[in-house]
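The following features are taken from TrEMBL:
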- D127: active site (ACT_SITE)
- D351: active site (ACT_SITE)
- 109-467: domain 'Peptidase A1' (DOMAIN)
- 1-23: signal peptide (SIGNAL)
Amino acid sequence: MARGRVLLMAVVLIGLAVAAAAASGVGRSRALRGKSARLQLLPAAPGASLAERARDDRHRHAYISARLAVSRRRRRAVETSPSSAAGAVAASAFAMPLSSGAYTGTGQYFVRFRVGTPAQPFVLIADTGSDLTWVKCRGAAPSTSSPAPARVFRPGDSKTWAPIPCSSETCKSTIPFSLANCSSSTASCSYDYRYNDDSAARGVVGTDSATVALSGGRSDQKAKLQGLVLGCTTAYDGQGFEASDGVLSLGYSNISFASRAAARFGGRFSYCLVDHLAPRNATSYLTFGAGPDAPSSSAPSSATSRTPLLLDGRVRPFYAVTVDAITVDGVALDIPAEVWDVGSNGGTIIDSGTSLTVLASPAYKAVVAALSKQLAGLPRVTMDPFDYCYNWTARGGDLAVPKLAVQFAGSARLEPPAKSYVIDAAPGVKCIGVQEGAWPGVSVIGNILQQEHLWEFDLTNRWLRFRQTRCTQ
């Protein structure tokens, strides 16, 4: 698998006849009020080459486009909110430690996750484009000569693990692309994820409990999130899986961790991504519920923006927003309106699993033309995969980086720092850090453009809120 990319997959879920693991009943979660918990985000030292990240982003963009095409074909006339079944619990929250995976050669962020009873700790990729959480399981092994994983989930040791039958509605329709060809009434719902670069993950789907640490009370206060859909991977291919223990699904789906956790904790989640080049000990958090630092928890301020969050079936499990314009030094660029229209096979999604922002071709050409025009005084440098790179050591003291801004619906305005779109590519070399995507096609705001902003996904009220911050404590 291309390193750092989790969702570059053509997913096939098939029902295989496997022995069902012993199941224990899942009790109802008791209400938690007035407490909060935090998941720490820890960025790692930079180690991935930009060429590799760009290649991985192109694979991921191809997957996103294919997935959206399927979503549009399968869109239901009547849709329900993934969080509606459980009912949101107000005034409660929890958070999870999150860290940059750059030191492993990926452009992802890792989250610390505990699952099973008793709880077993793992490091998963936090992915807003995934709707199935999975971990490497006991007996998991790569098909290559790579060493066996150091951490594995042992379902037999978990009192709360229960396989999902392939004959169930969850396997047949709720889990995307499930074929659920049951060979017997006891067969479990199994998956075989096939990725664009011939990597794969195979295993069985079940439910189990996750343990989260609450804040706002005693330091040892914990809570159980029960009945979470979990993939137990027993075989995998690809280097991308060697750096983590699996995937934490933050997509908008009935089975995703994000939707299930948000349903219990305030109907929302938020994350703050530190600079992707920050030292490994810089920390931030992935928070579920209205945490104290979330934009919705703060007093009204001009520093906090919000724009409608598009959650309909055309974009699931991704989070889409409407872009009204992109400006450079205050001048709106000439970009056709249909580029930003989901109904015209365009649109824009916010994605934690893509590093470099990908713009549909008309938008890309307008942006790089405007930026490169004002950087024309610098010597050009050839550096794959970017079209516009510059010898920054030749920069005069009076040459300022043009100011890029993204104007969203509802007057929300993202003004990223210059380092998020004119990025360091090599010593003394900077490049315009966006990639060209196909048109018609979706544009993707990647995690580098999101860095040093706090982003809150309000699933209940369908708002995306954000504000600029350094993210560190």
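Along the chain as shown, the residues are counted starting at 1.
Heads up, the Cβ atoms here are built off N, Cα and C, so glycines get one too.
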* **Cα-to-Cα gap, D351 (active site) vs D127 (active site), nearest whole Å** => 8
* To do: If we count other C-beta atoms within 10 Å, could you say which of the active-site residues D127, D351 has the fewest?
  => D351
* Do you know the mean pLDDT across the domain 'Peptidase A1' (109-467)? -> 88
